[in-house]
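Inspection log for the structure reproduced underneath, given as structure tokens.
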Amino acid sequence: MEAVIKAVLTGYPGETSKKDSKKKPPATSKKDPEKTPLLPTRVNYILIIGVLVLCEVTGVRADVHLLEQPGNLWITWASRTGQTDFCLSTQSATSPFQTCLIGIPSPISEGDFKGYVSDNCTTLEPHRLVSRGIPGGPENSTTLTYQKVSCLLLKLNVSLLDEPSELQLLGSQSLPNITNITRIPSVAGGCIGFTPYDSPAGVYGWDRREVTHILLTDPGNNPFFDKASNSSKPFTVVTADRHNLFMGSEYCGAYGYRFWEMYNCSQMRQNWSICQDVWGRGPPENWCTSTGGTWVNQSKEFNETEPFSFTVNCTGSNLGNVSGCCGEPITILPPEAWVDSTQGSFTKPKALPPAIFLICGDRAWQGIPSRPVGGPCYLGKLTMLAPNHTDILKILANSSRTGIRRKRSVSHLDDTCSDEVQLWGPTARIFASILAPGVAAAQALKEIERLACWSVKQANLTTSLLGDLLDDVTSIRHAVLQNRAAIDFLLLAHGHGCEDVAGMCCFNLSDHSESIQKKFQLMKEHVNKIGVDSDPIGSWLRGLFGGIGEWAVHLLKGLLLGLVVILLLVVCLPCLLQIVCGNIRKMINNSISYHTEYKKLQKAYGQPESRIV
């Protein structure tokens, strides 16, 4: 039965008869068996019918389990990584997706972890420039970032249902060096490591495959090994794939100043020595000097001048023997930077706050995997290797600009404006131009306003229509790219390369979205060029005097109005005075002439002059 089912699924039975084995394969069958289609060939259709009949007769039912759909892959990508751009790279069939993201260190604050940790990390042991085990050292101390990071990771209390997805990065940025003990960058000294023991895990080295091999093949050195089930509990080696590029002070940052410590080194067996929990070949003094320390016999005094003058007295008697190493710790990371991954908080995968990732060289997780081992790692964020066009525009828009030109106070046309254009005919234009030029000019301005209203409404309808079409084209484009990416992924995962499917490696999809967006924006800006200048005097004053306030504009308008009134009075007052004087003179002349005529009439009729009223 199993052989029949295998033959149905693969097209090759489990065992071949001798008669069939003597047959030569056809000349056209030169493909790799791994690339054989999963569906049966035409010859096996009879076997399919036989299996179906057999299942119906025996009552065997094949239940179909519908898996819950996880949602859109790219929406999940964007929400988890905080990125809207990505690229696909068909580098290998085993990992066809390669992101264009890189890791960058980010300052860590307890406010970012609100709701994700069980307690705060306010009381952290400071890192002294000279340890308390060395008498006479200065009371200078600082808190490096790794102490806060390790404390927060140990207090994570939000568990994940599944292991966090791993992201393959192009790389990650190294941490800055500590060049001034009094001004340490906020992300300096943020590297941590994960060890299944209470001591530093320098014994594992940094090779991911080597660490995995040791933990899987040597149960004695594997703290995750369960003797009852004779198997190891699942663990995750978080060391970078290209570990030689992401290790040591080149990646975690170098301490520009020596952090003096005193620790014991002794020779345990032939050609093997141990210094502070780290084993190595050779005598212990070689270990000490190779890591920047100084071998001490009984006592030695060191005079330091950086970052300030002080004296360090390293005494071997403090170690309980007559010799030791005085200087930097010999591990790549300080002992406090190693997090014990056997603690209860790491038995299950833990969630990190949004947009915060565990970055380990060229690998990243949006969470802490269960039982992590290796390093070095730090908490940071992901970004594109180069900013895209949208990010560049945002940066330029938010940058400080000088000499900003203020726009005129032009208001856009209202939606309720009249767009009914009724032009006059030739006869009306001729008679209006000859008999009433003012009426013709007013009618022309009215029709121009209606034409502007019609143009704005027409342009708004056009841009709205093009915007809807552009949204449809964008959604179709995204669907095509998503389907093509899914098809390529499935083909590569099943070992089918470019030579199997025509046009697979070359997929040309024209992209004029940037040009369309620019033209679409130009259309919107072109519509906004039609407007009504409701305050021409204020606009003229703003353009004349630059960026003045509104109160100054109103003041200048008042002064300008008063000046215009004064000018009008100066121009018109002589005329008014002349007219008034002329009228007065005319009245006087009329009165004198009337009196003269009256006297003549009196003389003519001989009436006495005294009776004149």
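Even glycines carry a Cβ here, placed using N, Cα and C.
Listed in Swiss-Prot for this protein:
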| type | residues | note |
| --- | --- | --- |
| SIGNAL | 1-62 | signal peptide |
| REGION | 14-36 | region 'Disordered' |
| CARBOHYD | N120 | N-linked glycosylation site |
| DISULFID | C121-C151 | disulfide bond |
| CARBOHYD | N140 | N-linked glycosylation site |
| CARBOHYD | N157 | N-linked glycosylation site |
| CARBOHYD | N177 | N-linked glycosylation site |
| REGION | 184-233 | region 'Binding to host receptor' |
| DISULFID | C191-C252 | disulfide bond |
| CARBOHYD | N230 | N-linked glycosylation site |
| DISULFID | C265-C275 | disulfide bond |
| REGION | 268-294 | region 'Binding to host receptor' |
| CARBOHYD | N271 | N-linked glycosylation site |
| CARBOHYD | N303 | N-linked glycosylation site |
| CARBOHYD | N313 | N-linked glycosylation site |
| CARBOHYD | N321 | N-linked glycosylation site |
| DISULFID | C360-C377 | disulfide bond |
| CARBOHYD | N388 | N-linked glycosylation site |
| CARBOHYD | N398 | N-linked glycosylation site |
| DISULFID | C417-C453 | disulfide bond |
| REGION | 425-445 | region 'Fusion peptide' |
| CARBOHYD | N460 | N-linked glycosylation site |
| REGION | 481-497 | region 'Immunosuppression' |
| DISULFID | C498-C505 | disulfide bond |
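Taking the features listed in Swiss-Prot, we show where each one sits on the structure.
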residue	record	DSSP (3 states)
C151	disulfide bond	helix
N157	N-linked glycosylation site	coil
C191	disulfide bond	coil
C252	disulfide bond	helix
N271	N-linked glycosylation site	coil
C360	disulfide bond	strand
C377	disulfide bond	strand
C417	disulfide bond	coil
C453	disulfide bond	helix
N460	N-linked glycosylation site	helix
Taking all protein chains shown into account, the Cβ-based neighbour count within 10 Å for N271 (N-linked glycosylation site) is 9
What recorded positions among N120, N177, C191, C360, C453 are found with a C-alpha within 10 angstroms of that of C151 (disulfide bond)?
N120
Mind tallying the region 'Immunosuppression' (481-497) by DSSP state, helix then strand then coil?
13 helix, 0 strand, 4 coil
List the Cα distance (Å, whole number) between C252 (disulfide bond) and N177 (N-linked glycosylation site).
8
Among the disulfide-bonded residues C151, C377, C417, which residue has the largest number of other Cβ atoms within 10 Å of its own Cβ?
C377
Given a separation of at least six residues and a C-beta threshold under 8 Å, show me what packs close to N120 (N-linked glycosylation site) in the same chain.
E110
Neighbour count (Cβ, 10 Å) for C252 (disulfide bond):
26
Least buried of the glycosylation sites N157, N177, N230, going by other Cβ atoms within 10 Å?
N230
Using the alpha carbons only, what distance in Å do you get between C453 (disulfide bond) and C191 (disulfide bond) once rounded?
64
C417 (disulfide bond) and N460 (N-linked glycosylation site), Cα-Cα, nearest whole angstrom:
14
Segment confidence, the region 'Binding to host receptor' (268-294), expressed as mean pLDDT:
68
DSSP puts the residues of the region 'Fusion peptide' (425-445) at 19 helix, 0 strand, 2 coil
